[in-house]
Amino acid sequence: MEESTITIGRLAKRTGVAASALRFYEARGLIHSVGEAGKTRRYRRDAIRRVSFIRVAQAMGMSLQDIGAALADLPSQRTPTADDWARISQAWKPLLQERIDALCRLRDQLDSCIGCGCLSLERCKLYNPDDKAGEQGCGPRFLLDEKA
């Protein structure tokens, strides 16, 4: 194949992402291969920057769904530019702030709730009579959701 493409193994090595994860990203439409030479998937070189973009966004706590929505606005044969990143990051700032706020609430409650040993069912936020929190969905609602 031409030199403008790289194998999945080379893409994995260049980005630090396992080949299985790259296939997962491709199945989700986040990256696109341009064919196969033998039985090896090949990618355009711009896939290196797209995968790097995905890794940075994941490190920020963005879901693959959010990342996919952002990348969907870009042509598949182009990497995000500085202007693209500025636009995307502006859209993500409120989501990131929500996560920061939730983590701060959790941090502030750690000393008083987890392992406190108070055994006070009247004031303990972890107490859940009749499993009322179950109506709100799965997970530790009292610690992660201020509305609980």
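Placed from the backbone N, Cα and C atoms, the Cβ positions cover glycine too.
Because the structure is a prediction, the values reported are computed rather than measured.
Copied over from Swiss-Prot:
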type: DOMAIN; residues: 5-73; note: domain 'HTH merR-type'
type: DNA_BIND; residues: 8-34; note: DNA-binding region
type: BINDING; residues: C113, C116, C118, C124; note: [2Fe-2S] cluster binding site
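Counting residues per DSSP class in helix, strand and coil order gives 40 helix, 13 strand, 16 coil for the domain 'HTH merR-type' (5-73).
Here the domain 'HTH merR-type' (5-73) has a mean pLDDT of 91 out of 100.
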